[in-house]
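The Mg(2+) binding site feature in Swiss-Prot is assigned to B:131, B:133, B:146; the stated evidence is sequence analysis. Here Swiss-Prot flags B:227-242 as region 'Binding of phosphoribosylpyrophosphate', drawing on sequence analysis.
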């Protein structure tokens with residue numbers, strides 16, 4: 001790599017940033033990011049980044065979404081004022097992505113607000129992964145590269161999950177993702193959809209498609225409280241699935257998700273490392289991790305050299 | 001009379017202040033739920049119509065969760081904007097990140113400017129704040145910023161003290177740093193009292209005054225006379241309170257009979273309360289720009305002045321398009 005590129009990281013996911021910079025044969029840039037005693041975020045960039053192509057690695061994820069977002073914004077401000085040539089925010093998991101529409105009267109669209117804040121801070125482009133909805137790219141006035149974990153997930157399925165399979169989308173919104181994977185694996189497709197009685201109460205699940213005597217693979221972009229996931233799993237088992245796996249890009253795993261998973265019939269939950277989760281994985285043997293560091297480092301390398309990114313995802317047959 | 005109804009909402013930083021302000025304005029706080037999803041994202045639900053209203057969101061961006069409180073404010077503004085509020089005013093009695101207002105080192109951010117940009121990006125039409133750390137911060141915004149001063153409250157407090165406790169005793173207004181001299185002088189002028197300044201000796205000065213190379217990093221220098229007088233320290237922020245303790249110690253050493261401190265914003269990070277309890281300060285007076293009721297129990301020296309009436313009067317005048325400047329007279 002040339003000497004005009006610099007990788008910096010906040011505190012959200014230092015491990016991923018190290019893997020990415022190792023992939024690129026670069027040392028991680030020197031930056032201190034912490035907090036003053038009064039709770040304000042403090043940022044100090046300790047080496048020159050003048051005229052550099054700077055990449056800030058920072059998922060805006062739990063457990064401190066607002067702190068992680070603020071670190072990213074303040075780092076971008078410091079880097080811009082230090083005369084960097086270009087600033088790219090690498091946000092493997094984009095917090096607030098599900099707050100992307102006015103679902104009730106007087107609701108904010110916080111995903112759009114966050115996009116505005118990112119541009120306001122001086123970020124020139126964004127690299128993210130498996131955005132909850134592709135439309136979020138349209139919230140930005142700057143280029144957004146939405147990478148996909150799909151090739152890695154397909155590779156994992158082929159390598160580790162034997163038997164006749166059916167790809168299951170746990171809701172109507174994710175059918176496109178599930179169909180794309182089922183096409184590439186020459187597997188059947190099934191859909192679970194639900195009528196939602198109250199805001200957080202899931203009931204009345206309906207299965208469309210046949211899972212009898214098959215291995216059911218639930219694919220989704222996010223595993224948060226995992227209530228839906230566990231309910232879907234129980235339904236699939238009751239409908240005759242021999243085993244149920246879940247393959248999810250972002251392992252948010254908030255609340256009592258770990259407990260639910262441990263008590264469920266799910267065989268495995270496969271997530272990528274867009275969000276650090278070593279502590280949670282230690283409490284749940286079912287959790288397996290796909291490493292997406294190389295996908296991100298390759299995207300960064302291509303961005304830096306002005307090469308195509310979409311060709312990263314064009315040959316997964 | 002404006003056709004746009006006045007509505008007050010608040011986040012989680014300081015609900016008590018909002019209720020007091022609403023009470024001063026003979027109204028109630030509006031209905032909004034501000035919380036967090038399980039994944040720590042901020043969630044805002046506004047439960048009453050804000051269409052075409054003149055909306056005031058009361059939210060200091062203070063410790064212990066500066067970033068969360070800032071985000072609550074921004075998300076509330078976004079929700080209100082999309083719900084067709086006529087005008088949105090952020091009432092931010094304590095402006096977090098205000099001290100990060102200049103590039104003091106190479107490659108430093110100017111986070112206060114970033115925060116100003118974020119507030120405008122969210123859709124805020126104007127800001128009401130109190131005793132900004134530096135007045136230049138108003139220039140960070142492209143929207144109107146009303147910087148309300150606590151000076152009249154402090155002057156009133158000292159005059160009352162003069163009648164009840166100081167009696168015939170002479171007092172002197174003290175600035176604990178070179179940065180705050182202007183503020184202290186304004187108060188000493190109003191009270192027709194003397195002014196003194198405490199500043200830290202810089203290394204060069206200490207070096208030249210001493211034959212050895214060692215010097216006390218905490219050495220303070222007093223300019224002015226406090227002998228036999230009550231010293232009243234005026235400052236805008238009490239954070240770690242180490243400076244306050246050093247200043248009071250120096251003042252007592254130089255002959256002050258008592259030391260009071262009047263500070264606008266009681267941040268009190270780390271073990272500040274212990275430091276105050278151990279110090280020579282007789283009384284530390286702060287406003288309630290930041291909630292501090294919990295600290296009163298730990299520190300009997302702590303007195304809290306309410307700013308609800310000043311803020312509510314400012315809001316009333318903003319709402320009616322009246323002058324705000326004349327509040328200070």
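The first residue you see is number 1, and the count goes up from there.
Glycine is no exception: its Cβ is also placed from the backbone N, Cα and C atoms.
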Counting across all protein chains present, how many other Cβ atoms fall within 10 Å of the Cβ of residue B:131 (Mg(2+) binding site)?
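Residue B:131 (Mg(2+) binding site) is surrounded by 24 other Cβ atoms within 10 Å.
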Can you list the residues of the same chain, besides B:131, B:133, B:146, whose Cβ falls within 8 Å of the Mg(2+) site's Cβ centroid?
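So the additional residues around the site are B:95, B:98, B:129, B:130, B:132, B:135, B:137, B:147, B:148, B:149, B:236.
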Taking 10 A as the limit, how many CB atoms besides its own sit near the CB of residue B:133 (Mg(2+) binding site)?
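The answer is 20 other Cβ atoms.
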Helix, strand or coil by DSSP: which one applies to residue B:146 (Mg(2+) binding site)?
strand
Which of B:131, B:133, B:146 (binding-site residues) reach within a Cβ distance of under 8 Å of chain A?
none
Taking the Cβ of residue B:146 (Mg(2+) binding site) as reference, which residues of that chain separated by at least 6 in sequence fall under 8 Å from it?
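For residue B:146 (Mg(2+) binding site), the qualifying residues are B:126, B:127, B:128, B:129, B:314, B:318, B:324.
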Looking only at the region 'Binding of phosphoribosylpyrophosphate' (B:227-242), how are its residues distributed among DSSP helix, strand and coil?
1 helix, 9 strand, 6 coil
